[in-house]
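If you look up Swiss-Prot, you'll see Arg49, Gly50, Ala51, Arg86, Gln187, Asn238, Lys239 marked as substrate binding site. According to Swiss-Prot, the feature site 'Transition state stabilizer' maps to Cys148, an assignment based on sequence analysis. Residues or ranges marked as active site, proton donor by Swiss-Prot: Asp228.
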Amino acid sequence: MQTLNTTSLKIVDNQLWILDQQALPQEKCWRPCPDVASLVEHIQTLRVRGAPLIGLSASLLLALLAEKGLSQAELAQALETLRASRPTAVNLMNNLDRMKLALAQPQFVAALVQEALRLVEEDRALCERIADHGAALVKPNSRLLTHCNTGGLATAGIGTAIGVLLRAHQQGKVTQVWVDETRPLLQGGRLTAWELGELGIPYQLICDSMAASLMAQGQVDAIWVGADRIAANGDVANKIGTYSLAVLAHYHQIPFYVAAPHTTHDPACPDGRAIPIEQRAAAEVTGVSGSFGHCQWAPQNAAVYNPAFDVTPAALISGWVLDTGVVTPQDVKEGIFQNTLK
């Protein structure tokens, strides 16, 4: 396969490498990904994260394994193993559905390679269109708040919600970005703060619990988040803490926007109650680990509830900003998400 470079994925000498997002920002560490077991581990430990990126990494690995000579039966098994690695992120399922169709072709090796590379290029283009649509909604001198990480680290392009912030910044509209640290794994503090700094976008990092105070003071003009799955009724699954922000935004009458590619939409999922929510290890809440080391602050035997995602009801969302355009609450009431988006 040809050499490929994105912010978080690269292919060099027919080997997939992933940027270890658990090591950032202290260390920029690229890790090899030679087989399915290694990628599943990288996904489940969040070295690879972000709904679009998870789907792309799985697709690229399948194509590389096909080039290395795995049979159709072996690739089919690999595909299903990868499908089970992160149940909430529907981009993974959608990408693998397309790779499964390619695998059924007589010339399946070439078909898999072509489809994987097509998915990467499509994602780059999707990000650009999301940014354009979203930036049109950003008013001059805006102070924006974002949650988790939705930039180039999570996609093949400039990102979803962060892509909107970047485009609006390039247009001179952004005064300030408030970055939620995003407990328990600190994707906002570790990743979004790093990305915004690299992009030259002015930001300030806050604890998640500080967002309400900022809104009450009139310091937030709009909230921009990403999505891991959009249900047929417009409900959105995203990083835990997103729902809290949506409730706060609704109370303070602040626009709350979801930026995502149309591939995050799942018309087969009727509403948020049908979205599987991944439960993660207690150690993520009782302490913290990273390239900086490990610290535990809770009692060793503390009982922990640690869902990776929550669901924001459609009624709390001001707009779904997709590559296909901006979906309004009225569009949702009329059933736009009931069918496949194109």
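From the backbone N, Cα and C atoms, a Cβ is placed for every residue, glycine too.
Note that this is a predicted model, so its numbers are computed, not measured.
Pairwise Cα distances among Arg49, Gly50, Ala51, Arg86, Gln187, Asn238, Lys239, which the record gives as the binders of substrate, peak at 17 Å.
In sequence order, Ile54, Ala89, Cys148, Asn149, Ala154, Gly226, Asp228, Ala308 are the residues of the same chain, not among Arg49, Gly50, Ala51, Arg86, Gln187, Asn238, Lys239, whose CB sits within 8 A of the CB centroid for the substrate site. The Cβ of Asp228 (active site, proton donor) lies under 8 Å from the Cβ of Ala51, Thr88, Ala89, Val90, Asn91, Ala237, Asn238, Lys239, Thr264, Phe309, each of these being in the same chain and 6 or more residues away along the sequence.
Here the C-alpha separation of Cys148 (site 'Transition state stabilizer') and Arg86 (substrate binding site) works out to 17 Å.
A 10 Å cutoff on Cβ-Cβ distances gives Gly50 (substrate binding site) a total of 29 other Cβ atoms nearby, all chains included. The C-beta environment of Arg49 (substrate binding site), restricted to residues of the same chain at least 6 apart in sequence and closer than 8 Å, consists of Gln21, Ile43, Asn149, Leu153, Ala154, Gln187. Here Arg86 (substrate binding site) comes close to Ile43, Gln44, Ile54, Leu92, Glu278: these same-chain residues lie at least six apart in sequence, with C-beta atoms under 8 angstroms from its C-beta. Of all the Cβ atoms in the protein chains shown, 28 others lie within 10 Å of the Cβ of Asn238 (substrate binding site). Fewest Cβ neighbours within 10 Å among the binding-site residues Ala51, Gln187: that distinction goes to Gln187.
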